[in-house]
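Listed in TrEMBL:
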- B:15-149: domain 'DUF1468' (DOMAIN)
- B:12-36: transmembrane segment (TRANSMEM)
- B:42-64: transmembrane segment (TRANSMEM)
- B:84-117: transmembrane segment (TRANSMEM)
- B:123-146: transmembrane segment (TRANSMEM)
Amino acid sequence: MSLNYMIHYFADPRFILLVLLGSVLGLFIGAIPGLSVTMATALLVSVTYSWGTSDAMAMIMGLYVVGVFSGALSAILINIPGAPSSVVTAFDGYPLAKRGEAYKSLKYATIYSFIGSVFGFIALWLLSGPISNIALKFHPIDYFLLSFFGLLAVGSLTSKSFTKGLISAAVGLLIAMVGMDSVMGRPRLTLGIRALQGGINVVPALVGLFGMTEVLSSIMQKKMGAEVSEMKNEKVPMKNILKHFPLSMIYSAIGTFVGALPGAGGPVASFLAYSTAQKVVKKPSREFCDGAVEGIVASESSNNACIGGALIPMLTLAVPGDAVTAIILSVFIVHGMQPGPLFIKTQPDMFASVLAGGFLGCVFLLILGLLVAPKLSKLILVPKRILLPIVTVLCIIGSFACNNRIFDVVLMFIFGLIGYFMRKHDYPTAPMVLAIVLGSMMDSNFRRTVSLLESEEHKIAYLFSSPITVILFAVTVLTLIFSIPAVQRLFKKKK
Amino acid sequence: MEEKNKKINPVLIEGIVLCALSVLGIIFSIICHYGFKVEWKLSPYLFPLFISIMLCMLSISLILSSFSGLKEAKREKGDRKTFLIFLLECAIYLIVLKYLGFLISTMLLLGAIVHLLGEKSWWKIILISVVTSLIIYFLFGVYLGVMLPKGKLLYMIGIRL
């Protein structure tokens, strides 16, 4: 069924144009250090608020797919990754560029980003159905445990201190509780402020935590100077590039799996794939970290395959795989839809719009990466004194547009300051964002579980009557235990 | 002399502050729950209480971590003056926005920030602030239909921007 809808989207010129627009935006935003795909997606949510859901998805998917790839552009040319997932690409991409082979480096990055992205979306298409069927058997406690596991995983993977990661998540959950209680219909945690009775809209929180935090951090930092590597249009035979295809399938599988784990994302996937490449490839073209194309293949295949991977739990379980999918989840919510196990059955057209947008984004990634990206080398050095004021105004308008309230702009600045101080004191913002998005779902499932238990005589037996609950509980407890620093030290000593 | 030079670990201070806030959260949740006069299973403050208790335990863990060596990475001192002036300019913008409307307030804000961040040439400042504001105004206010603030003062003198 989703294939029919996808064909309809592939044949719709408006849909294709919106994906192209998003892709072009993603190419510029991903390439410029200081701008992030996460921030741009958060801004796009408010801009596309009044659009149809499929139109919004088209633009966001184009931005997401190409934006993740284009972080490689500045990583290769100026050794400053445009996105965290491109850090590993710089290890070999920049040394190659310094040798005058920037074009070759970029071509490898483009081709293997394309391959990785397509792999991820095919995995999304094939695996979403089976995972949804499993999720249909979920009880309220299972949703609660899954969200809790998601927050634990994000908290442990995005911060050096597990405690700080969890604190960030807990504060995010409290923020999500502000507003009108859905069961009792009365204000909760509003502190008497009338404007808070509608709750804290996720858009100002996202724009503040990602956009304004970036602006405030950049203002505090000293200016960075960089030289752009020269881009010579050299011939790189496709046969040479495609001989790494079999290994790219392994890296893409790593990326898809890691992307499906909440909080892991592109950086973790690319590091894992890179270390796999170092073990598997016996005779690289050059030493790793000195211009080995095998390093670029590993990094770019895996970090782009993450995109499809991150969308799997978001669409089937309503648990986002990373910050961008948390924002995409909010797009569905603001348009009155709820991703989850029934999503593919009840909204096959919306599922198809995500897939179609993703596949089209992959095609535009290839076209833009081969034809346009090499010409962007000068543009990525936009001075901060022009970039930051424009980003500030975009943050203001992005947070104002969702409810037409100046109060939301004030909230955005407050979240910007919170995000800045969190970053300064090594508290990750990703768990807070995830918690704000998942908070109300966790609350309702928590209370439903407690209500159901009240009526049962054998509460523990009822709670663990489902094998899914037992598995989720075990995974959650093990994640909690193995994230405790004392336990980690114990295992390291034993090794 | 050595004791004077010994700085308190910031992680310890964070832990203490968070602990205090979480205890306040627990007390607040319990008081508000009794205001609702419902059972705990139906109470909107059940989950906030659970989170406040979790936060309290985490803050105690943070305090203990500070004693076992958890420290924050040393960072270079940033440009605090520019940072604070930027915040002040944004605060003034939020106040002025209601009276002058989006277009004029944003032009002023953009000009102020561009100048603050180091642009010396006045014609470049004016060009960037005017052109950018107009583009954003037409793109969002006109084309995308976002109802941007109109400005009470301008409205009074008959300007509808």
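Cβ from N, Cα, C; glycine included.
What TrEMBL says about a protein is an automatic prediction, not a curated fact.
Below 8 A, the CB atoms of the transmembrane segment (B:84-117) and the transmembrane segment (B:123-146) form 3+ pairs separated by six or more positions in the chain. For the transmembrane segment (B:123-146), the list of distant contacts is 102-103, 106-111, 114-115: same-chain residues at least six beyond its ends, Cβ to Cβ under 8 Å.
Taken as a whole, the domain 'DUF1468' (B:15-149) shows an average pLDDT of 86 in this prediction. Sorting each residue of the domain 'DUF1468' (B:15-149) by its DSSP state yields 106 helix, 0 strand, 29 coil.
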